[in-house]
Amino acid sequence: MELPKEFLSKMKDLLKDEYDDFLRSYEEPKIQGLRVNTLKVSIEEFLNINPFQLERIPWVNGGFFYQEEDRPGKHPYHEAGLYYIQEPSAMAASEMVDPQPGEKVLDLCAAPGGKSTHMAAKMKQQGLLLTNELYPARAKILSQNVERMGIKNAVVTNEAPSKLAERFPNFFDRILVDAPCSGEGMFRKDPGAREEWSLENVAACAERQSEILRYAAMMLRPGGRLVYSTCTFSPEENEGVISQFLNQDSRFEIEEIHVYEGFDHGREEWVSNGAENIEKTIRIWPQQVRGEGHYIAVLRKAESEEPTKWKYEDGLKDQKQLKDFFQFAKETLTYTPKGEFIIFGDQLYLLPDEMLSLKNLKVIRPGWHLGTIKKNRFEPSHALALSLKGDEVKNKWNLDKNSPEILAYLKGESIKAEGPKGWYLVEVDGYSIGWGKLADGVLKNHFPKGLRWMGV
Ligand SMILES: C[S@@+](CC[C@H](N)C(=O)[O-])C[C@H]1O[C@@H](n2cnc3c(N)ncnc32)[C@H](O)[C@@H]1O
């Protein structure tokens, strides 16, 4: 593998005796991981039905190494959101954010959503997860992953950190800044990162990271936790950014947290003006664990009495427009979802608790997407299907993971079926995967066109 020469000489100076081991790690194949989505299946249940060769990742409950030939991205369980494919070291960051059910959590640089979907699982559908991405095309992928994992309490936005900072001052209990970086830790996985690398780019990344971090700091409530992470080795983007930030903002300090075996500590000697306790930040090295390179700093904001006035988002006042939805819920579900409803165009959503006004923000998904309000009828969304459990619907149609019918369903074909007319939750081995509508012995396919398996 060809690596940038200036990168190698810099790493040699920094790592000294460890350099040869570091270099050898580039000869190893990339490490593959998946994380069980506990919103849909418990870890134990998943291990009972698991079709892959899995080995536990020590630092994350429900994280597993898999083998290249397993191809979990091409399995019906993937479409059902039973797991998320994620680089093993990257799973450490959300573990350290450790969001709790009911909290208000922000993921500021979130696409494609590995860490957000991990945090959502920890929040157990309770509280608010604001997950944001600057670039529109990436924000769309983030939103699709939120849908596939059956997350109900997430709002997906497509904003600049500065814009969010104006709207959410001192608001979040926990914030993750998984910053855009020079990606040195991903060289083994991503040839693009190798090609784009330069010393100038490292410096530009550090500047951008400092700016993002300052906006994140404004949005954290006093006493809250801010986690900063990168997938790069350069001290400028890691200990350097954190030291500069801490030296400028005395409300923050480094929080000491449990460090897993094999993880390394921050290097004070690699930066000038290293902040107090900078060695208590975390480095993950490919020559020390089965994962790519990462850096993580956990910060705590001091308690204070900063008064803040927020403007909460109001749900629909006039619920007349919801008539067809309530009719659908009565016919199809075993309960009626409650809360603050909101209509965007003809799309119906339920807002997460405590959401602030979304006015003038670029919102991709303002909450739990329920479906489309059509003329005299309601059509349920794919997001609704993926977030429902079998006991929450009156009718379901279960397919075996190895059956020809599940393949036909994923390709968009109708399936022969007998039963009362209406909407059916289609399942794979008991886990929701989409909708079908039954009439006259045929289950009409409602698996979204854009997700269908072509050429299989
Ligand atoms: C390391 S990636 C995030 C990975 C993600 N957290 C995950 O686990 O899947 C950083 C993200 O920050 C976004 N980004 C780039 N410039 C940004 C900026 N100025 N402000 C906020 N986000 C930015 C990138 O588009 C990218 O999606």
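Residue positions begin at 1 at the first shown residue.
Glycine residues also receive a Cβ, built from the backbone N, Cα and C atoms like all the rest.
Of all Cβ atoms in the shown protein chains, 27 besides its own fall within 10 Å of the Cβ of Cys231 (active site, nucleophile). Positions annotated as active site, nucleophile by TrEMBL: Cys231.
All protein chains considered, the CB of Asp178 (S-adenosyl-L-methionine binding site) has 25 other CB atoms within 10 Å. Residues or ranges marked as S-adenosyl-L-methionine binding site by TrEMBL: Cys109, Ala110, Ala111, Pro112, Gly113, Gly114, Lys115, Glu133, Asp178.
If you look up TrEMBL, you'll see 22-302 marked as domain 'SAM-dependent MTase RsmB/NOP-type'.
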Determine the mean pLDDT over the domain 'SAM-dependent MTase RsmB/NOP-type' (22-302), rounding to the nearest whole number.
96
Counting across all protein chains, other CB atoms within 10 angstroms of the CB of Lys115 (S-adenosyl-L-methionine binding site) number 25
Suppose we draw a 10 Å sphere around the Cβ of Cys109 (S-adenosyl-L-methionine binding site). How many other Cβ atoms does it contain, all chains included?
21
Per DSSP (helix/strand/coil reduction), Lys115 (S-adenosyl-L-methionine binding site) sits in helix
Packing count at Ala111 (S-adenosyl-L-methionine binding site) (other Cβ atoms within 10 Å of its Cβ)
24
So how many other Cβ atoms are close to Gly113 (S-adenosyl-L-methionine binding site), meaning within 10 Å of its Cβ?
28
